[in-house]
Structure formats: C-alpha cells, structure tokens
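Take a look at the following structure, please.
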Amino acid sequence: MFAKTPEIKMHTLRWLLTCGWLLLIFSLFYDPISPWLTDPNNTLSPLRIHPEACVKVQSICLKQTPYALGARLFWTIIVPAAIFILLVFGHELWRRICPLSFLSQIPRALGWQRHHRRVDPKSGRTSYELAKVKKDSWLGRNYLYLQFGLFYLGLCIRLLFVNSERWALGVFLIFTIVSAIAVGYLYGGKSWCQYFCPMAPVQKIYGEPGGLLTSKAHEGERQTITQSMCRIINTEGKEQSACVACQSPCMDIDAERSYWDGITNSDQKLLYYGYIGLVISFYLYYYLYAGNWDYYFSGFWTHEANQLTTLLSPGFYLFNKPIPIPKLVAVPLTLGFFGGGSYFLGRKLEKSYKNYHARTNQSLSKEQIQHQIFTLCTFVVFNLFYAFGARPNINLLFPPLLYFYDVLLVVVSTLWFYQTWKRSPDLYSRESLASRLRKQLVKLKLDVSQFLEGRSLESLNPDEVYVLAKILPGFTGQKRLDAYKGVLKEALEEGYANSSNSLEVLQQMRQELDISDKEHVTVLIELGIEDPDLLDPNKQRTRENQVRLQSYRDQIASMVGSKRRRTAKGLGRDLLKVVQKEKSIQDVFPKDPQTMRSLRREYAITLEEEERIQASLDEDTNLLNRADILLNQLQELFERYQALRQPLLPDKVAAWTLLQSTVQQKQQLIVKGLLKILKSLEYHTEATRIALTLGCLASNVLPNLLEDETFRWHKRFSPKIISQLIQQSNRATDTIPQIEADVIVSHLEVLLQEPDSLTQTVSLYMISQLDIQRSQELAQQLLDSKLTLKALVGETAQMLLKQEVQPNTAPAALSTIEKLLYLFGSDLFSSLKTENLVELAYQAQVKAYNADEVVIEQGKKGKQLLLLIEGEAQLQVNLDDGEVIVESLLPGQILNEMEILARTEQDATIVVTAPETRILAIDVDTFEALLCRVTNFARKVLERKSLLLQQLVQQNRGSSNVSGSSIHVKGAFKE
Ligand code: SF4
C-alpha cells in the first residue's frame with residue numbers, strides 16, 4: 001500500500017518523525033511543560049494523577065507526584081503503535097518512516113562510509129569498495145541470533161533501568177542512535193536494520209510474509225523499486241533505487257521471498273517461539289515484582305521515582321511475601337526462563353503437528369507446516385501483546401471507544417491470520433512466475449482484450465494468466481518460446497533460478513505452456529549466447545545485486561537521456577559520442593574520474609563490474625567480448641566433441657551418439673550466435689580473426705549451417721568472410737587425435753552438469769564404463785546434493801554404487817539406462833523424446849535365450865514388439881512346398897515390426913542362433929499407446945511402413961523370387 005507513496009512525501013514524514021523523536025529525547029532531560037498535564041488539579045487532563053489512589057508495589061503504596069510524560073509516551077504509545085503498523089501496513093511503511101533507520105543513513109548522505117582499498121592485480125588500478133557484511137562472515141550467518149540477543153537485553157534494560165528513569169532512557173536512546181550511525185559508517189546499505197537493530201526480529205515476526213495491507217513485490221508490474229527498498233531522488237527529481245545489496249534476500253525488497261527463504265532455519269524458530277515467552281514474561285514480571293496488576297495497568301512504572309535504587313531490592317513478591325532474589329537477577333532470570341521455555345514448547349508443538357500431518361497423510365510441505373505454526377504464533381502473540389501493550393493509556397478511554405479498540409484488534413488480527421494462513425512457497429512461486437509471464441504477454445503486444453471482458457491483464461490471478469496463455473490464438477509456437485525465454489532470462493538475472501536448477505524451478509510453467517525439457521535446454525543455451533555471464537555458475541546472482549547494477553547502469557545511461565541530448569555536458573556528452581560511435585568507451589571514462597568514483601561508491605561497484613558495465617555501453621566492445629567468450633566455449637565444445645568420438649568402447653555407440661548430438665546441438669547454437677555477431681562486425685578489424693577461428697573450431701557443424709536456407713548465411717556475408725570460414729573449415733582434418741581416458745572422463749563430468757536428465761544419466765553411465773571408482777564418487781555426490789534428481793539419474797547413481805569396483809564387470813540384469821540406450825540405438829526409437837524413451841525403458845522387459853530356442857513360431861500372434869539387443873537370431877519361413885527361407889538378424893534390429901503394426905500372425909518363426917542372446921520386449925499395448933500419444937513417432941512409423949512397402953513392390957517387380965527381406969513386409973500386404 002505504501003510502497004508506491006512518493007519518496008518525497010516519505011522523506012518529509014521521516015524528517016517530521018525524526019524531529020519529533022529527537023524532541024522527545026530532549027524532553028527526557030528537560031521538560032517543563034508536560035508535568036502540567038499530570039497535575040491533579042488539571043481536571044481536563046485524563047492523565048492527571050490521583051494522589052488519593054493507592055498503587056502498591058510489594059504491599060507499599062507508592063507516592064504519586066506530577067511527572068513528565070516523555071517515558072510514558074514512548075513506552076505506551078510509540079512502541080505499541082509500531083507493532084500495529086507492522087501487522088497492518090507491513091514493514092514497507094515502518095522501514096520507510098523509522099527515525100532510527102533514517103539516522104543510520106547519515107554517513108551515507110555525507111559520503112562518510114568505510115571503504116576497503118583494493119588493487120587490481122592485472123591493471124594495478126586502485127579502487128575503494130564499500131564495506132558490506134559478507135554473507136559467509138560470522139555476522140552474516142548469525143545476525144538473527146545477535147539481534148534476538150540484543151532484543152532480550154533491551155527488554156531487561158527496560159525493566160531494570162529505563163522504564164521510568166527518564167535520563168537513563170534518554171542516554172539509552174542516544175546510545176542507540178550513535179550505534180546506528182556508527183554501523184551506517186562501518187557498513188553500507190541499511191546494515192543497521194538488517195544486522196543489528198534489536199527491533200528487527202519483531203519486524204520480521206509481524207511484517208513477514210506481509211502485513212495485512214502490504215503490496216506484493218513479486219506481482220504486478222515488477223518494478224525496480226519495491227516495498228521499502230532504499231531509494232533516492234535523483235537530480236531530475238525522479239525516484240531511483242539506492243540499493244547496494246547489503247543483504248540477500250532483503251526484506252525491504254520482497255519480504256515474502258525473504259520469509260520463505262529462511263523459514264526452516266533454526267534461527268527463525270528461536271525468534272518465533274522465543275518471542276512469545278519474552279512477551280508473556282515481560283508483562284508478567286510487573287505482576288511478579290509488584291504483587292498485583294494495578295502497578296502495570298496504572299502506568300505507574302513509567303514514572304516511578306528512583307527506579308535504579310530498586311535494582312538490589314527483592315525481585316519477586318509472591319503470596320504477599322518478597323522473595324530475596326535481587327531484581328537485577330530476577331529480571332533476566334524470568335525473561336530467560338520464559339523465552340527458553342516457550343522455545344522448547346514451540347519445538348514440541350511443531351513436532352506434534354508434523355507427526356499429525358504424517359499420520360493423516362496430508363500432503364503439506366515442511367515449509368508450509370512451519371508457516372502455519374509461525375502464523376498461529378504471530379496471531380496469538382499479537383493479541384497477547386495488545387492485552388497489555390498501550391493499556392495504561394487505552395484504559396483511560398470512554399468504554400465505547402475501548403470496546404471499539406478491542407474489536408478492531410481482533411478483526412485486524414483475524415483478517416491477517418486468514419490472509420496469511422493460505423500462503424505457501426508454491427503459491428508464491430506460481431504467482432511470481434505468472435507475473436513474469438504476464439509481463440512477457442504485454443511485451444508481445446498480443447490482443448488479449450477480447451478474452452478479458454473489460455478486465456485488465458494485471459487483475460488476472462495466476463490460474464487465469466495460464467488459461468489465457470493456453471487459449472490466446474496468436475500465442476503459439478515461437479511466441480510461446482519467446483515468452484518462456486523472457487521469463488527464464490528474468491529468473492536467471494534475479495537469481496530466482498540458475499542454470500542447473502532452472503529446469504526444475506520452471507517445470508510448472510513449461511507444463512502450462514507445453515514446452516519440452518529439450519526446448520528449455522535450447523532456450524537456456526541461447527540465453528547463454530546472448531549473455532554468457534548469465535549461466536556462469538561462479539556468479540552468485542541475486543535480485544539485490546541486479547537492482548544495484550541496473551541502478552548504476554541507469555545512472556550512466558541517464559547522462560545521455562534523450563531529454564538532455566542537446567545540452568549534454570561533460571561525461572554525458574562524451575557518453576553520447578560513444579553511443580553514436582564517434583568515440584570509444586575507453587576514451588571517455590578516465591576523463592571524469594571524479595564522477596565515476598562517486599557513482600561507483602554510491603552503488604558499491606567493484607572494478608570488474610565497472611569494466612563490464614562500461615563495456616556493455618559500447619556496442620562493438622560488447623560484441624567483441626561476447627565473441628571471445630563464445631569462441632572459448634566453442635573451443636571447449638570442439639575438444640569435447642573430439643573426445644566423444646574416440647574409438648574406445650565401440651559397443652556403446654548409442655551412448656556416444658547421444659552425447660555427441662548434445663554437444664553438436666550446443667555447437668550449432670553458439671555458431672549461430674557467432675555468425676550474427678560476425679555479421680554486425682563484418683567490417684571491423686577483428687572480423688577476420690573471428691571468422692578464421694570460427695571456421696577452425698566449428699568444422700563439424702559450420703558447413704551445414706552456412707547452407708541452411710532459413711538463414712541464408714552464404715548470401716548474407718561478403719565472399720571474403722565466406723571464404724575465410726570455409727577455408728578453415730575445410731582445413732580441419734577428420735583425423736581424431738588420441739585422447740586419454742581420464743580426459744574423456746573429465747569431459748563427461750562436464751556433461752554431467754547439463755540440465756537434461758538423459759545427458760546426465762548417459763554421462764554418468766559412460767564414466768562408469770571408463771572409471772567405475774570415479775563414477776561412484778560422482779554418483780554419491782549427486783545423491784547427497786540438495787538437487788531434486790530425476791528418477792532415471794537417481795536410479796543409475798544407486799545402481800553404480802552397488803556395482804563391484806572392477807573394470808568391465810557388467811551387472812547381471814539390464815538397468816533402465818542400458819535398456820534406454822538399446823532403444824535409442826535402434827532406428828525405430830532413436831527420434832523419441834527423452835521422456836518417452838525413459839517411459840519405454842521402464843516398461844521394456846529383457847528376455848534371455850540360448851542357441852536354438854524358439855522365440856515365437858510362424859502363424860502365432862505376437863503380443864510384444866521384439867528388439868534384438870545381444871546375440872543372433874534367424875527368421876525361418878516354411879513355404880507350402882516345404883522350402884524354408886532363412887534370414888539372419890543382428891543386434892539393433894526389430895524382429896517383428898510389421899506383424900505388430902499390422903496386428904497379424906507371425907510370417908516367420910524366430911529362432912535364436914547364438915548363446916546368451918537377449919531381446920528387449922515391449923508390450924503391444926504400451927507400443928500402441930505411444931503411437932497414439934506421440935504424433936511425430938506415429939508419423940515416423942508410418943513412413944517406415946510405406947518405405948518397406950515400396951521396397952517390396954520394387955523387389956517383386958525386379959524378381960519373381962521371394963527374397964529374405966521380403967519376409968518382413970508380408971504382413972503389410974495382409975493388412
Ligand atoms: S539490500 Fe538494498 S534495499 Fe535492501 S536494505 Fe540493503 S541496500 Fe536497502
């Protein structure tokens with residue numbers, strides 16, 4: 001709700017609140033005015049004291065005198081109001097108005113922040129990088145424990161020192177402000193709020209996954225600036241992000257994402273469960289100390305004289321007797337005991353709830369179970385808090401107002417509970433992806449209005465977006481892939497997915513858009529070609545970082561913004577020349593180091609990032625960089641391709657072919673990308689180098705691509721470039737260099753990282769054929785990894801771990817991957833998609849025979865399609881005149897294809913002629929179901945059938961003799 005409130009308004013509000021807060025702190029030291037409101041003679045003031053009333057502490061009536069209101073105002077109005085704001089409006093309001101957060105930004109505003117000096121070893125350039133809390137540092141890992149500890153300490157300090165001692169409270173608040181400013185100097189961003197503020201745990205509890213009226217950062221237009229993200233107003237008066245990525249995931253950018261990210265962490269459990277105990281014990285202690293509730297509800301504790309003198313007096317008063325434990329000990333003891341106890345009970349409750357779900361077979365994920373418990377905790381603790389918080393003042397209201405206040409709290413918390421209980425990580429992810437898809441639909445400019453009946457695309461829920469995507473007439477084929485590509489790109493840029501888990505993360509979207517795993521892999525490679533950094537596994541991408549870099553980029557780009565072109569000065573004018581290709585980027589930046597330095601510091605930009613972003617502004621430099629990265633990738637792929645063509649293990653031809661085709665597919669996509677770059681740089685001095693290298697490294701795919709009529713490359717390039725490409729391509733010999741087995745294994749290990757499960761499985765399997773020990777290590781790593789493995793990969797890894805560590809020991813039974821490879825090796829099934837091959841492999845049975853055994857007799861009807869995989873067999877046809885025609889069959893051949901397709905009896909008896917012959921048998925029903933489902937496969941089968949018929953017709957024309965091969969097609973005539 002407040003995410004879109006202009007920063008200028010919030011800035012003013014922040015100033016007002018900060019001034020108010022500073023005034024309040026000042027009043028804690030000197031306040032000649034407010035005591036007047038508590039004067040017993042001031043009959044108009046509801047806050048006046050009643051000297052005749054007796055408020056007892058440990059059976060002694062306390063003396064009442066007029067007092068200054070600063071402490072009372074702070075503890076009974078400001079603090080409770082913050083909790084209400086958090087639950088209703090969320091952190092997106094609170095974190096934008098919090099005075100302490102504002103004051104912690106003073107060093108940033110003054111440009112006084114700690115920087116680390118860094119010298120680039122290559123260029124010798126010195127840079128100063130903004131100090132940030134590292135994610136893997138002690139603080140980065142334990143900040144929630146620290147904040148919770150500080151919160152506990154803060155509550156103890158409050159009960160012991162600063163509840164009513166105004167000067168102590170003043171000192172305490174000033175100390176907090178100084179600490180916040182110091183942290184603002186030591187670390188960039190809002191590190192005070194993220195890593196130190198003792199109130200941050202409370203903000204998390206009430207503000208996550210979102211307040212009642214909080215906006216959703218993962219939905220809508222997906223703007224750069226969301227929720228309470230750090231922002232500034234630039235010189236043009238526009239709001240822009242000031243994020244330096246001080247934490248990831250950041251609550252200020254997307255509270256719900258941050259919530260789901262850490263929901264099962266043990267620090268979150270301590271927070272939610274321990275907090276309830278702290279709240280209960282904090283209020284209960286007033287009773288335990290005074291021996292009655294009057295002390296708390298009268299608000300006397302906010303102006304009790306000489307609070308510090310009670311530190312060593314009895315800390316408990318129970319059953320009208322003081323207990324001789326000093327208050328100094330009693331307070332931390334009570335809070336610690338209750339905090340620890342509630343944490344213990346919370347863990348017990350969690351365990352019982354999980355057990356209940358397991359017993360009743362409810363399919364809730366562990367995150368969702370945890371979420372439901374946390375939601376319940378927050379609901380309970382909110383109402384518990386307001387049973388006490390602010391009551392000393394609220395109880396002074398007229399009864400109808402008091403009643404309204406109570407009803408309001410219950411209604412608000414119930415609505416929040418209802419809204420929050422339904423959330424789940426899956427729903428978040430579905431909404432998030434649907435929002436990305438919505439954005440792509442807008443980009444494609446499809447006419448959706450006729451399907452929306454007056455509604456806007458924005459107002460559609462995720463299910464409606466997917467339904468719309470399915471029924472939109474123009475949204476087919478390439479458009480779907482383009483939209484999917486856009487979604488994937490954004491997901492990769494924001495670190496929502498990476499190259500290895502994107503297949504899994506976007507699975508649901510692929511199902512909705514009818515996009516296959518193979519198409520996903522192709523799109524992924526294309527994205528890698530457009531931006532090689534995107535798939536770099538060493539680069540940890542986060543939304544925070546993306547925002548930071550984008551903001552820096554926008555800042556530079558804004559210097560050449562269209563409005564300012566005519567008057568562009570200094571750096572802006574130079575940048576304009578770069579865009580207009582009148583200058584190189586390198587000529588521009590060193591001239592204005594001061595501007596660049598301050599920009600770099602503002603966004604905590606490192607030297608590498610600066611170089612990359614600057615290079616991306618200059619199109620030629622950008623293209624040349626991309627070309628070099630792609631040529632390097634091509635070199636690796638070429639070496640991999642050579643490694644996979646080694647004549648080692650010739651009996652695994654299908655596996656090698658499959659892996660080679662994976663590599664070739666990648667090569668083709670990269671070569672296409674390089675040809676496009678080469679076209680843009682055709683007259684650049686580097687064009688010849690690129691063309692020659694490309695010709696040399698892509699000799700196995702380039703000639704076909706150049707001839708491809710879709711792209712007509714041979715016509716688009718100048719004859720010089722074409723001759724350079726072809727000349728190198730022709731020079732590359734077909735001789736395969738000798739490559740050691742361990743090098744092949746290393747290439748297979750790279751293929752094991754591919755997203756496609758079939759490539760992964762085959763790579764692992766082939767490693768086992770070359771080095772069983774290494775394959776077992778890798779299998780174990782895969783099983784131990786947190787990635788969700790496809791069944792085939794997991795099964796193969798398990799199988800390998802059970803194998804003896806002896807080279808070339810084949811397991812007795814065929815594994816699924818081996819069956820799959822036999823299927824892939826047969827001409828009939830080789831074109832099937834991975835998922836269909838896997839399915840068939842699971843269903844196929846292996847049948848073993850000895851020499852002279854009959855597989856099926858002539859005249860009988862076969863119930864299974866038979867694929868010879870090992871050994872030998874013969875077809876024997878008994879003719880009416882007693883003559884027997886014989887045809888030998890070899891591994892890889894289907895024995896009864898035509899009979900199964902035509903559903904006729906066997907034309908020939910199939911007899912095994914070699915010992916240890918094995919046949920892969922597929923049930924007719926399975927085969928026919930596949931034909932019905934996979935149209936491309938059915939078409940291929942039909943083509944084969946027609947081809948065989950044509951062959952038979954020709955043979956019959958050419959010879960009156962019945963040849964062996966005609967045996968196969970007899971059934972076809974019967975059909
Ligand atoms: S990550 Fe960015 S938006 Fe979030 S607090 Fe840090 S600087 Fe601000």
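Glycine is no exception: its Cβ is also placed from the backbone N, Cα and C atoms.
Residues annotated as transmembrane segment in TrEMBL: 12-30, 73-94, 142-161, 167-187, 270-288, 328-346, 402-421. Feature annotation from TrEMBL assigns domain 'ENT' to 472-559. Per TrEMBL, domain 'Cyclic nucleotide-binding' is recorded for 828-943.
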Six or more residues out from either end of the transmembrane segment (73-94), which same-chain residues have a Cβ under 8 Å from its Cβ atoms?
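Residues 1-3, 24, 158, 163, 169, 199, 202-203, 206-208, 210-215, 227-228, 251-252, 255, 299, 302, 378, 382, 385-386, 389-393, 412-413, 416 contact the transmembrane segment (73-94) from elsewhere in the chain.
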Which of 12-30, 142-161, 270-288, 328-346 shares the most C-beta pairs under 8 angstroms with the transmembrane segment (167-187)?
12-30
By DSSP, what is the split of the domain 'Cyclic nucleotide-binding' (828-943) into helix, strand and coil residues?
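Its residues fall into 35 helix, 41 strand, 40 coil.
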Tell me, please, if the transmembrane segment (142-161) and the transmembrane segment (402-421) are in contact, taking contact as 3+ Cβ pairs under 8 Å between residues separated by 6 or more positions?
no
Near the transmembrane segment (270-288), which same-chain residues lie under 8 Å Cβ to Cβ, leaving out any that are not at least 6 residues past its ends?
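For the transmembrane segment (270-288), the far contacts come to 144-145, 148, 151-152, 155, 159, 201-202, 204-205, 295-296, 301, 315-318, 330-331, 334-335, 337-347, 373-374, 377-378, 380-381, 384-385, 387-388.
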Residues sitting near the transmembrane segment (402-421): Cβ under 8 Å, six or more positions beyond its termini, same chain?
84, 87-88, 209-212, 372, 375-376, 378-379, 382-383, 386, 394-395
Which residue counts does DSSP give the domain 'ENT' (472-559) for helix, strand and coil?
62 helix, 0 strand, 26 coil
